[in-house]
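Trainee: Got these off Swiss-Prot a minute ago, pasting:
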ACT_SITE  ASP13  active site, proton acceptor
ACT_SITE  HIS43  active site, proton donor
BINDING   12-18, 42-44, ARG258, 284-286, 324-326  GTP binding site
BINDING   ASP13, GLU14, GLY15, LYS16, ASN40, ALA41, GLY42, HIS43, THR127, ARG141, GLN179, THR194, ARG256  IMP binding site
BINDING   ASP13, GLY42  Mg(2+) binding site
BINDING   THR252, VAL253, THR254, GLY255, ARG256, ARG257, ARG258  substrate binding site
Amino acid sequence: MPSYIVVGGQWGDEGKGSIIAYLALKDEPEVIARGGVGTNAGHSVFINGKRYAVRQLPTGFIQTKARLLIGAGVLVDPEVFFHELEHLKDFNVAGRVGIDHRCAIIEEKHKQLDRSNSHLHDKIGTTGSGCGPANADRVMRKAKLAKEVPELEPYLTDVAQEINDALDEGKLVLIEGTQGFGLSLYYGTYPYVTSKDTTASAIASDVGIGPTRVDDVIVVFKSFPTRVGAGPFPTEMSQEEAEKLGLVEYGTVTGRRRRVGWFDFDFARYSARINGATMIALTMLDKYDKNAFGVTDYDRLPKKAREFVEEIEGRVGVPVGLIKTGPELEHIIDRREVI
């Protein structure tokens, strides 16, 4: 698969970071690019028991041989960018990352507006990262671009050209999406959504490749979907139910407690169709069946867990190629060669 996109199929927090990190190490892509909105979405990954979280840089940073890129469609917050460069200096990120010169910049005024606007902060439940106001300025053609920020100059590049050149040379390219289908400005639970589309086609556009250059779309689903902030959640369970099941989680960016629900097969099928999914990655199967924890062989999954996977494949209509059975990178079942 010369190029593949990983996107969220629910309301974000599906565990895309752990899937991307695994693919980055297992497949050794030569280029890893991040699409999506901006710093309003955090990806986290556990490496040798230590948790790393990023909001700006690609989660594939752990593949130290890869070129890391931030596509033109992504908003850049210089403060967050440089903080992550320092935080991840052991991975030599600064020497490998490129920002598209056309990226719009999140300024302090955008963050202040995001946090003080009653509609965005109180009703919608925005993360306060400034992404919505920054995208609004971009639509109005008022936003500052990365090429206008002197301190970013050493990192500037043409991401679209780099990626298309890499594909022409037969290199493997991994493209990361952020957030999830249910938060898409067009297809999500409007108005409780993010400030742009989050589907695979939008992520491809963010980094500058056309639809014919995408070979696979991996949509990530969580065994128990979650969402942060306000908005419809048809299969939501009570906090008491979530606590009994050990499903208490907090957002990477906001620190707010996540709402938890039961797996919605109809929503998952619709999400897979709109995203053009060729494969599903299922996370937190060990939360659905605690006896699945740490299993790395599909045939060794307990009956309850295996039946759940088979039901997803049957009702969603897409094969499940990757299954996370725990938080560590090695807690995964890779079925890509047999599906």
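Heads up, the Cβ atoms here are built off N, Cα and C, so glycines get one too.
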Trainee: Counting only other Cβ atoms and using a 10 Å cut-off, which of the binding-site residues SER18, SER44, THR127 scores lowest?
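Mentor: Among the binding-site residues SER18, SER44, THR127, the lowest count of other Cβ atoms within 10 Å belongs to SER44.
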Trainee: For a quick check of packing: other C-beta atoms within 10 Å of the C-beta of ARG258 (substrate binding site), how many?
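Mentor: There are 22 such Cβ atoms around ARG258 (substrate binding site).
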Trainee: Among the recorded positions ASP13, ASN40, GLY42, HIS43, whose Cα is within 10 A of the Cα of ARG258 (substrate binding site)?
Mentor: ASP13
Trainee: For a quick check of packing: other C-beta atoms within 10 Å of the C-beta of GLY15 (GTP binding site), how many?
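Mentor: That number is 21.
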Trainee: Quick one: pull the CA-CA distance for GLY12 (GTP binding site) versus GLN179 (IMP binding site), whole Å only.
Mentor: 4
Trainee: Looking only at DSSP and grouping its letters into three states, which state does SER44 (GTP binding site) belong to?
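Mentor: The three-state answer is strand.
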Trainee: Which residues in the same chain, at least 6 apart in sequence, have a Cβ under 8 Å from the Cβ of LEU285 (GTP binding site)?
Mentor: SER223, ALA292, LEU301, ALA305, PHE308, VAL309, ILE323, LYS324, THR325
